[in-house]
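Written out below as structure tokens is the structure these notes cover.
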Amino acid sequence: MGIIAKNKTSITEFVLLGFGKVPELQILLFPLFLVIYVVTMAGNILIVVLVVADQHLHTPMYFFLGNLSCLETCYSSAILPRMLASLLTRDRTISVPRCIAQFYFFASLAATECCLLSAMSYDRYLAICKPLHYAALMNGRLCLQLAAGSWLSGCLATLIISCLMSQLTFCSPNEIDHFFCDFTPVIKLACSDTNLILVLDLLLASLCTLFPFLLTLLSYVYIIVTILRIPSTSGRQKAFSTCSSHLIVVTTFYGTIIIVYMLPKSDTLRDLNKVFSVFYSVLTPLINPLIYSLRNKEVKEALRKIVCKCSDFTRIPN
């Protein structure tokens, strides 16, 4: 299994327990997660195609939405294919390098999503609170800078943590009570010094998660205050409708993250945390395209045009 170091066995693979405590549940979970994955990929790819193809969606808000949908396709692919393979084959082992790689892709995309949601909230803040200056402030260059900064900050910050994790020695037991390689359950299995990586993780998590969350929260404080000052009811409803979809996504994403990572790590809450982990890692990428497509007239109109073009193209002339 490994080498002997300091009277401990250095392991080369982990066992992801996942939902293995309830074997009969796994029969239902495979088709469920398979459907979720297929719908998630189809929905998010469709959003990207609509944003690229329709000229009416070439605006800052839909530029960020396209980036978010692109991210969600990668986010789901970092977790669900491995989980589906495990449910199908009953093989729950994963090598240490692959586990660290999975953590890197999952964590970097999660950090990027925090930054993108913050950029989208800033876009909505300018649109509602400073409408006369919106076009000048939220120009193409700023959009590119915010999007590129979100992707780079998430990828680089997590790369540091992943490199340090790869230098750790992991000891038995090698069981991870989770369905993917998250930071805390993996670090608990390390038998080498983890003080440095824990400090850096706290610092980088604050920069890439807490700081964007506070910016998002601050943006919505100003947005809500501005909306409440609008004298007409129809004006308030119209202003709120422009940010309601984003607010639902932000609430779902951050709400489940806070529950998972802020609640005490007791044995009684461990299974509950696993359930909420499914929400932000599996269900959030699924509901994002549904929220934006079902609640957005412009997206539905763009979809209608695409469907009409496809039907005209496939129609056989008499």
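Keep in mind that glycine also has a Cβ here, set from the backbone N, Cα and C atoms.
Please treat TrEMBL annotations as automatic predictions, because they have not gone through curation.
Here is what TrEMBL records for this protein:
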- 27-53: transmembrane segment (TRANSMEM)
- 43-292: domain 'G-protein coupled receptors family 1 profile' (DOMAIN)
- 60-80: transmembrane segment (TRANSMEM)
- 100-122: transmembrane segment (TRANSMEM)
- 142-170: transmembrane segment (TRANSMEM)
- 202-228: transmembrane segment (TRANSMEM)
- 240-263: transmembrane segment (TRANSMEM)
- 275-294: transmembrane segment (TRANSMEM)
Tertiary contacts of the transmembrane segment (275-294), as residues 6+ beyond its ends and Cβ separation under 8 Å: 33, 36, 39-40, 43-44, 46-47, 65, 68-69, 72-73, 75-76, 79-80, 106, 178-180, 182, 245, 248-249, 252-253, 256-257, 259-260, 300, 303
Interface check, the transmembrane segment (60-80) with the transmembrane segment (202-228), three or more C-beta pairs under 8 A: no
PLDDT averaged over the residues of the domain 'G-protein coupled receptors family 1 profile' (43-292): 88
In contact by Cβ distance (the transmembrane segment (100-122), the transmembrane segment (142-170); 3 or more pairs under 8 Å): yes
